[in-house]
Amino acid sequence: MCLCVFALNSFGILPLEPSPGDPTYLQNYGHSGSGMEPPPAAGPPKKSVARINQVGTKSVFTQSGNSREVIPMPFNPTQTTAPQTSTTPQVLSPTIAAPPNVQPRRSSRLFTSASSTAKENSKKLKMKFPTKIPNRKTKTKTGKGGMTPSNLNESIELLKLDSSISEGKGSLGSSQLQAFTLQKAAADGLMSLMRDIGRGYVALCSYNCKEAINILSQLPTHHYNTGWVLNQIGRAHFELAEYTQAERIFSEVRRIESYRVEGMEIYSTTLWHLQKDVALSALSKDLTDMDKNSPEPWCVAGNCFSLQREHDIAIKFFTRAIQVDPGFAYAYTLLGHELVLTEELEKALGCFRNAIRLNKRHYNAWYGLGMIYYKQEKFNLAEIHFKKALSINPQSSVLLCHIGVVQHALKKSDHALETLNKAIGIDPKNPLCKFHRASILFASEKYKAALQELEELKQIVPKESLVYFLIGKVYKKLGQTHLALMNFSWAMDLDPKGANNQIKEAIDKRYLPDDEEPVTPEDYPYYSTDMEESQESSMTDADDTQLHTAESDEVL
Amino acid sequence: MATPAKTPAGADPKQLERTGSVREIGSQAVWSLSSCKPGFGVDQLRDDNLETYWQSDGSQPHLVNIQFRRKTTVKMLCIYADYKSDESYTPSKISVRVGNNFHNLQEIRQLEMVEPSGWIHIPLCDLVKGPIRTFMIQIAVLANHQNGRDTHMRQIKVYTPVDDTSVGKFPRCTTVDFMMYWTMR
């Protein structure tokens, strides 16, 4: 009889001994084992798993080896001595001191590197009876390696073997049973690996991201350091808005598996959020050179141009991604976002709806719809859509933040504050939640609380001009004009271009009659505005002369 | 009056686009010209190439009409004019008119250029309300340098302010830390 023993080493469940004596564990069915050497008497010591791992960096699911046909080879003595090379299919626990003449199982290739075991199998005895359980379950659960009909045949053969075992036929005896136990243990090992991975994946899909990261981090190292697992972890960080960590993990994925395109669109969005244009353009070039027929490289290219604010070109690339794969929902979402940025709101609505049609749980698309309705000031609809997105992804502080703002726009400020508190509770590192909370407090005239919030925010993000801008507005309302102007000047220093108009207007309002103190304009020549502003009539002529900085430069 | 100072060139509008504060929307409009020489028409005016130009072929004033599908906020126009290469074809007096249609135009800006040598930025801001909102813009070349009859115009760009208020009515934030959380993608 031949029983295949395979390595559970990779699961860390049972230690393995990659021993030269392994062949001695192999035996053809029916042979008396005449040619077999007795196994090392001491029982193979537990050798380290390193020998498998050193080549076994491929994931368990690269089943390239499994596609080979089983070639039952006649037992011959040479085989027992031939494969002294490393990573022979491992025997299970040393407690099985001398299971005589057990053949390596085909599925051993699952747990060792495909390349080495492939060589092994050509030299060594071929398995006749691979485990039925792992193969079948592997087939259903992962489907990645692609089980072939040959495995099915082996499974069937194994069934026969098992039944023969259970019938206790022939000279089976305890060795047979032990081998069967080994099979079972191996299957259990595989099962528990699949279960862990599955649990991690389920957690990620229900957007229970911290849990997912925990579970997946507990996998053994050589499974952890694979493209698929790291990809999922990177995605989990991305969903938590922890973009720096996500970027780190994705770059690790790129290093390990530079041929991988799946999941790269999330990496590109991470880089987009972090505004790392160099990395993003390099990624885009690599991927589009490598593979023009999958949607992910085109999505990356689109993100790259979107970061450069070339929205028309980005739209072209996203449309190309959709052409290449019309079932790729994320491409529609990204296209929708670009269309929003080019103010084509109707088309954007269509794109987001397409994304939802393809994948109802694509919360990004629900978020996109909410954003469009918010822009169109249809706040009720916006709230509904944001809430739908939140129901899919309940731990996103950004979503909660948006809901808070919309509720505030709907005049439900108490709800808004509650929502924002929840958001801050979930993710204290999100500065925007605090900022919006401060602005809502300001709008509800709770100035002290707002100020406190903003002071905390200043500690977290000291270089953000919006913070100073809001502080200035609060002080202005409180009547402390000097502090207000000081903060406005800081805000302008930090961002002379973008916030220019609003800050300038805020400063200009200083000169309107509702302020008590008469402010002498020559104290603040810096705040002169360009000549289009009407308030300049309230400013003295001294300021007018400073306005004629070339207008063309003003807008820069 | 002494020789008037030459009109200084403004910055390349591409840089403006990169700040994200404005967006070029010429592609959303229908462009037409009062006259043009064959091969030197609207395409050459809008091709992002400073070597090609529009050459008019009729009587003054020469007109460039920009018609939008819907009322659009326009913050500024950028015109590229170069006296050194165009000499007497370089426009010297330009009038900008806006309105709903051809019968409804009203001049809002008139500007004189003296030997321009690059991009001229024309902000189109209303006194109180900020950037103008309009269906149609007409750029009229009233006079050329050295009293030339026809005019060359190398490139015209139309900019609208970017409405970046994704959430809340605040101006754009400046740090990446804030920007990261501003929106989701």
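Even glycines carry a Cβ here, placed using N, Cα and C.
Keep in mind that TrEMBL annotations are predicted by a computer and have not been checked by a curator.
Given the structure is predicted, the values throughout are model-derived calculations rather than measurements.
Per TrEMBL, these features apply:
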type	residues	note
COMPBIAS	A:77-90	compositional bias 'Low complexity'
COMPBIAS	A:109-119	compositional bias 'Polar residues'
REGION	A:75-123	region 'Disordered'
REGION	A:508-556	region 'Disordered'
REPEAT	A:295-328	repeat 'TPR'
REPEAT	A:329-362	repeat 'TPR'
REPEAT	A:363-396	repeat 'TPR'
REPEAT	A:397-430	repeat 'TPR'
REPEAT	A:465-498	repeat 'TPR'
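Helix, strand and coil content of the repeat 'TPR' (A:363-396), in residues and according to DSSP, is 27 helix, 0 strand, 7 coil.
Each residue in the repeat 'TPR' (A:329-362) gets a DSSP state, and the totals come to 27 helix, 0 strand, 7 coil. According to DSSP, the secondary structure content of the repeat 'TPR' (A:397-430) in residues is 27 helix, 0 strand, 7 coil.
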